[in-house]
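K.L.:
Pasting in a structure now, in structure tokens, and then I'll have a few things to ask.
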Amino acid sequence: MIPSVLPTYNRAPLSFVKGEGSWLVEADGRRFLDFGAGIAVNVLGHGHPALVGALTDQAQALWHTSNLYEIPQQQALADKLVEATFADTAFFTNSGTEACELAIKMVRKYWFEKGQPERVKIIAFEGSFHGRSAAGIAAAGSEKMTKGFGPLLPGFVQLPFGDHEALAAEMDDTVAAVIVEPVQGEGGIRPLPDACLKGLRDACDAVGALMVLDEIQCGMGRTGKLFAHEWAGVAPDIMLVAKGIGGGFPLGALLATENAASGMTAGTHGSTYGGNPLACAVGNAVMEIVATDEFLADVNRKAGTLRQSLEGLVAAHPDVFEGVRGSGLMLGLKCKAPNMDVINAAYGAEVLIVPAADNVVRLLPALNIPDEDIAEGVARLDKAASEVSKGLKP
Ligand SMILES: *Cc1c(COP(=O)(O)O)cnc(C)c1O
């Protein structure tokens, strides 16, 4: 008999009843150190007083109104995002996937309005992830995500990640846009080198194509800049944001330049919930904390500490791990042992980490994780790795 919850997830037998900072309490009372943060969502950990306050204050006043009316919290959040980024304008969604959908519509409408309605080709990269909608899976294009769901939305081409020659061969004036994650998340924590992102910007400019950056996972302070592309000193035309921006409340956004957004006039797009007062109250509180130099400096310091500890972990368990990669507090351990063995052993040691493709485990802790929790989490990973190691020996 089919379970009452559609069985599309492989769930661990854990259920959490309370969160406190970087700790999650299991129903049986065990305390887990959270190095996953709900897959880069709980940027300020669990139960942060400023977010709880923003949400409960707004809940007392007004939960929801329609986008038929002005929503001051939404306006305030858009102003903050525009102030802090390349963007001139923002649209709010409930998820990353919805932001990705809008990006594809925006790109197509842009060329339609420019009198080139046939210019629909969007270049994406192998190993990428842009959500599970019909457009999102067509963009990423992997067999794993698309098999059985055809016919796929046409117009997408996937190139090997970081393959400059393949890009040069594909880039011409039929390309409407390129979409890329500055650091691939699901794909196995694969950062695009700064020089590649710059090269991609130049390649887009050479043919007039729009550059769309999917910063749903790597944005919102995760890499130690508010947005990962800032490290490369380039700006996109369109950027997708979600996960961290709501700190655990469902919220996403598309940010765009005035030029890229020029086709999206009244009536061309909308959302019932997107940018509602509850979500934006939390989004504003997140931005007030995360989008400050002091906070981001501390993320970089913590990232240095964690990375160094992980290098030590890899050195201590060369049979389990191959190396560390990533940027800021978006780190991956490339495994030699099967990554799910490492993750299950970590559950045993009461520390939460997240699988990714390419036999990688992801560490995406809260950006405000205390130093002592970093040390405790790594100690638990060390214990887990020893367990995995024992299992590997004949
Ligand atoms: C999580 C993610 C998405 C999808 O976001 P949802 O909120 O799950 O819809 C898209 N792109 C990237 C890079 C992501 O990490």
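Including glycine, each Cβ sits where the backbone N, Cα and C put it.
Annotations in TrEMBL come from automatic prediction, not curation.
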K.L.:
Let me know which member of F129, F295, F321 TrEMBL also records as binding pyridoxal 5'-phosphate at the site of G96, T97, D214, E215, I216, Q217, T272.
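P.N.:
Record check against TrEMBL: pyridoxal 5'-phosphate site with G96, T97, D214, E215, I216, Q217, T272, extra candidate from F129, F295, F321 is F129.
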K.L.:
Out of R132, K243, S271, give those recorded positions positioned within 10 angstroms of Q217 (pyridoxal 5'-phosphate binding site), comparing C-alpha atoms, in sequence order.
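P.N.:
Cα filter at 10 Å returns K243.
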K.L.:
For pyridoxal 5'-phosphate, with binders G96, T97, F129, D214, E215, I216, Q217, T272, what's the maximum Cα separation in whole Å?
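P.N.:
Taking every pair of listed residues, the largest Cα separation comes to 25 Å.
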K.L.:
Near ligand 1, meaning Cβ under 6 Å from any of its atoms: which of the binding-site residues T97, E215, I216 fit that description?
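P.N.:
Those binding-site residues that pass the cut-off, since their Cβ is under 6 Å from ligand 1, are T97, I216.
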K.L.:
Which binding-site residues (G96, T97, E215) fall within 10 Å of S271 (N(2)-acetyl-L-ornithine binding site) by Cα distance?
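P.N.:
Those close enough: none at all.
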K.L.:
Restricting to the chain of T272 (pyridoxal 5'-phosphate binding site) and a gap of 6 or more, list residues whose Cβ falls under 8 Å of its Cβ, or answer none.
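P.N.:
Set apart from T272 (pyridoxal 5'-phosphate binding site) by at least 6 residues yet with Cβ under 8 Å, we have S66, N67.
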